[in-house]
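J.: Have a look at this one before I ask anything.
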């Protein structure tokens, strides 16, 4: 059954002129970009859930994919076949990392102990497969939203016993992440929010969530998980409102509980747009606030108000995201995880490859464009020049807090002249950006 | 010219059966609600800008109102006539408070000194009028967005000299607020954001804005302004992105600069909805975070992606907002300012009254409904019962930080049973809510 | 198993002061409103799909409801139990009508013939139950979107053999509708649209859809289905784009194929809002174009970009919809179907009752408010007065096509004066509307 | 004063490697693309309103541009200087066409006669300038939305005398268009819609609008205007609802009044997105319905709910629009008008050039990509193959109306097998699309 991709060989780089849809045209992993290999810049990961767990279901219709491993009645057996298929795919498509939720890889058991035992058995298998293939774990996470017990939230549940169930899953998923050498641990609170304020104690739920995260941070230190915990912001869906609305909201939450040094954000492109922000806004905000961690690369459809999780394909937009990431220092423990799924009409095994190849090639082109922008330097120079006044004496005094409001006001009264604004040159800069593409 | 409203008498309460469109049907200012006069609960304010400054202009067409004072060529003379009209209106419509921007009441001069002098002269007049009429100032603010010098921001401008121009205006507006006994001082950063990230130094702009607010807080203490500074969140418009996106974002910003004890939020209904939140979400969030200050009451059109600033007219929605405000303790220094404008087709003097009367009656009905909800108690009880587990021993231990993640996980392993979810009863609660209307 | 609702008796009208959550407070079916019984005005229907088929699944998580009939392994046996439960519910909640898709009531078989046979067997049972209970069928329809074969559309599928599969289902569902005395037949094209234009032949798909509808209209006449075919507009979801975007789009489509006399629209509140229109806009447009048929009553959440299908609960908004329906002559063959589902956290049997009771009471209050508006007459009078000029001589000549553009222009040149606009009085009218609530 | 652009020479093509921001890098007007000159394919037009009339005003602030001609007190004198500047700009930037509203070029007079006289005088001047420069008029139009008399609509106004005022303007603007050899005449109904249904007689307004358009079509034939009348769809803004919501709505309206052969659509990119459609959707729909006329090229910001009218800069998106236009036969009388404005912070004369150069270069790149797609043929082939079944016998019989619903259903019963769906290959196609960029 690992033979699902038997007709497909390892994907190779063939260059821009290749007509082979099962080859990379831009992603050349050993190519040096600004002194570092493409693979080390991009740190690609494939995800378990969309690629191997989703069956094509949407709110209006059923399973279109009919993957063979979804037909196996015994859940643990299915999980093992799924792991075979997954690592075969990872190896062939050539991503160095993967990501998973606990329930993606191992089935829920009849009791908490059985669930834990299922996970332990599969984690051992994943460990072996990592050794055999050289694959690494970018991050692990726990699914605290699919099971009906979490319908009213996990850490923010009105019932503390359900909070406890969530605590068990997170503890185990963190243990698994450490065991598999995961570089980060992610939390996404799909049900940490509300359907209606009418039955919600907002203050209690926020306090519960703060406590939960504090406990996770303590446990991270206890077990020696080296990388950061990453929170993945999203404004809504499935909830009407989700507490981790966007990067700025998460920052406020971290400051409230004093966790801003242990926790960073995993920014998803489609979540950014659902919250009314551009992807690059969320990236830049996280960098400015010192909490940038990793990205879930995908794209949404701005005209569909839900998470479409499509593979990225817009070259200029992806280039901009990559440019800001590089300007912010690039990835450290983080990476570029494809939280993306092929369309439910893309039902063939090959389609999973087309999706990832397209996403990897677009990201590689984006990286090459960002390289040009940085090497050329004009782009950054324009902004630097625009703010030059803030590096002069008066600007520096203000920023240093040496002048009060009245002192600054008095300066204007003394000078008694207006200040003319300068053109923001947006069109010029947009043209410049296009010249790199 | 103060004769603009000469055909209209002071608006009176005539009760629900009145057919008089120029009478209150529900707002009965001396009626006691939960032991306090309606007027003291609601603390209504009318705004200078939409009511007396706006001429009906929209992005596609011109002045529809043709107010007489807009035709007066001499700007200071026009300002004085406008003040006459405004206080005549305030008195007749019966709001106890008003609000203004510096440039609403006094015209920009040819030089900074002349602008200051214009403001001083008009503030003296406003003070006299307050004495004559008993009107009070809910809050003052500075317009840092209309003049072309602020096209790229005020405190976040790339040019520190424009930051300085903004500092002068804020200092003067704060002085005026103190002089007129204003209960709060408001900041709305219409241009504190960006049109495009491409020419923006996000980190620098956030630092500038932090500095500016810190300077304003210091100055507030220096001059003895007793009420809080209030930041008014809005996600965008006129900017593509505005830094004070929503309440949660403002909270993070205040925590970053240690200003969360001196600064609160002034929440506008329409701004809430533009940011993807309900009005009651923003109110509840501010209350939960301890930064609730005041509200700008209006309504938007969810199908128009811009700020329509209509008068509130949806009774159940307004009731919910009022309920959460009362549950949070009601207004202290804050109040309910109608940041609302009659439609540009509502060109008659009477229309200004219809707008305010409708808004005041809807708010009064909302208060009466909230009173019923609180007196009845069932509504709050449902939520309290739902979270009862958190007041039991295990819940309390968790919240008190006495149990680590592994200890809580171990509890689940020890019990080894699943936890069944309970119905959230949303439909029951919604029906209950309607029973109060 | 029909014992699912055994603890619940038939819902009775107890009046506004009742504290019983399982009683009507406003829906008093025999009460006369404008000379007609409430029941005959409102023509309520409950739907099979959301109420008995949906298990609580959403895109992020599983079955929360665990209805007993969903656990029965044999599909036909499950269908029969479901029918028992459904008619027990219909009778107890007191709706006179119900609605279903073919696949809601009878399971898909292994072959086309088996599917048809399944449907025939269940339709016989439904017929018996209708006789026993007095329930009537408001409309039937075919589910052409859930099965994977329809993933790329039904009538608009790139493969004509799938078009044929859809034809079989529609023929059978129309036959069933006639057999059960259904008052209308509905078509909703959940997959009649596209995911991406890139692989779509728009012109071909529109032609296919036109042909399919023409065939259905011919067949309707052939079998003597008396009521209209109703198309249910929706702009998107599950598709990125759906061809029946809104009422105006459907009208153009009907005109293109000459079907505007045989086909009307079934307007859903939540679909209206997803297309950027208010519910009352869609109703008024359909009335103005002569294609108003029926409504799917529910409500969406304007801040969630997907179909939330909640029960209506906003009294003023529902009143407005009801007012326009009454002004347009009320329902003839159509009715008010609750295409609404309890929230997935509302997992108890009672919650299904709370949802429907709330929806029925809100609709009844809306009807009573509309009655007041019509009886009072002031509301309609304002609009009539506003357009009075069009009933005068010049207006009538223009509308009758007696004057050319140059003749009308010449009139202006001859008069050579400007025309002053008049206030639209929106605030006055909004206040008036609230006075009826 | 025509010296406004004195420091800027005629823009030249310098090729992709040019570092000159005031040169074209891709727009090489004489380059042959698919056998036709670039200039003849693209038929670029610049617009009078955004480029020469707008002063930088937005809803929150004033004139940022301070163009010299806006300071001239005499309106006719200002109009003449503006015409000098405009034609200087047109010539230098190298667009072959321009577009205008009547009130863009000539000021409103004190009386109807004076307004007409002003227009006549300026039209003579424009004619002379066309002769001197070789510039041509792509289309003329009338501004029926800026003046306060149109606040409640022009043709849809409650007052027929205002309808008449609009008729005069349209007659005169059509005359001017003929006189200047304009290739089309455009109508955009900015106020043809409503602010609130509450005071609107929808049916009357639609009938008035139908009459108005019929009168314009008659007049077009009378005066020998050769090109089509073009309606420009937009869903809202400034109105809450605009009747010409989108292309499909306009089509239904034309069918209702039998005008589909005389009237086509002018599709604006930003209007498309405001209505929930992609630009290419609107283009393809218009082509499929046979009413494609011309485009207003620009781009919106999907996260701002208003018309931002930015210059296009996304290469892949623009390429797709161009591809569908070429596939539909390209422009005949229509063209590509930049209904786009530089940002209000782009206050320098050069910025007007950067905006247009960027837009022209992006459009030229889009044309070159579309050329590759067409020449290669793979892209269209995929879709053609996907629908192959419809060209086979059964498909053809269905489309030809030879089979009834029951006959088609019987075919399925006879075959009694399911039909397997085929992959839609969206990711493969998206990758292919990127390979052309």
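Along the chain as shown, the residues are counted starting at 1.
The backbone N, Cα and C atoms fix where each Cβ goes, and this holds for glycine too.
Remember, TrEMBL labels are computer predictions, not curated facts.
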J.: Among B:205, B:232, B:393, which residue does TrEMBL annotate as binding Mg(2+) 1 together with B:268, B:296, B:339?
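T.: The one candidate that TrEMBL places in that Mg(2+) 1 site: B:232.
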J.: For residue B:232 (Mg(2+) 1 binding site) and residue B:307 (Mg(2+) 2 binding site), determine the Cα separation and express it in whole Å.
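T.: If we compare the Cα positions of residue B:232 (Mg(2+) 1 binding site) and residue B:307 (Mg(2+) 2 binding site), the gap is 14 Å.
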J.: Would you kindly give the Cα-Cα distance separating residue B:101 (active site) and residue B:339 (Mg(2+) 1 binding site), rounded to the nearest Å?
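T.: It is 12 Å, counting Cα to Cα.
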J.: Using the Cβ center of B:232, B:268, B:296, B:339 as the Mg(2+) 1 site position, which other residues in that chain lie within 8 Å, going by their Cβ?
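T.: Neighbours within 8 Å of the Cβ centroid, excluding B:232, B:268, B:296, B:339: B:188, B:234, B:266, B:267, B:269, B:270, B:271, B:295, B:297, B:298, B:337.
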J.: Including all protein chains shown, what's the count of other C-beta atoms within 10 A of the C-beta of residue B:271 (Mg(2+) 2 binding site)?
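T.: Total other Cβ atoms inside 10 Å, all chains included: 30.
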J.: Apart from B:268, B:271, B:307, B:309, which residues in this chain have a Cβ no more than 8 Å from the mean position of the Cβ atoms of those residues at the Mg(2+) 2 site?
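T.: These residues sit around the Mg(2+) 2 site: B:234, B:269, B:270, B:274, B:296, B:298, B:300, B:308, B:339.
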J.: Which ones, of the recorded positions B:101, B:104, B:296, have a Cα no more than 10 Å from the Cα of residue B:271 (Mg(2+) 2 binding site)?
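T.: For residue B:271 (Mg(2+) 2 binding site), the recorded positions whose Cα atoms are within 10 Å come to B:296.
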J.: To the nearest whole angstrom, what is the C-alpha distance linking residue B:309 (Mg(2+) 2 binding site) and residue B:104 (active site)?
T.: 17
J.: Looking at the binding-site residues B:268, B:296, B:307, which has the shortest Cα distance to residue B:104 (active site)?
T.: B:296
J.: For residue B:307 (Mg(2+) 2 binding site), identify the closest of the recorded positions B:101, B:268, B:296, judging by Cα separation.
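T.: Sorting the recorded positions by distance from residue B:307 (Mg(2+) 2 binding site), the top entry is B:268.
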J.: Measuring Cα to Cα, how many angstrom lie between residue B:101 (active site) and residue B:268 (Mg(2+) 1 binding site)?
T.: 16
J.: Would you say which of the binding-site residues B:232, B:268 has the most Cβ atoms within 10 Å of its own Cβ?
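T.: Within the set of binding-site residues, the most crowded position is B:268.
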J.: Under 8 Å Cβ to Cβ from residue B:296 (Mg(2+) 1 binding site), same chain, six or more residues apart: give me those in sequence order, or none if nothing qualifies.
T.: B:232, B:266, B:267, B:268, B:269, B:270, B:271, B:337, B:338, B:339
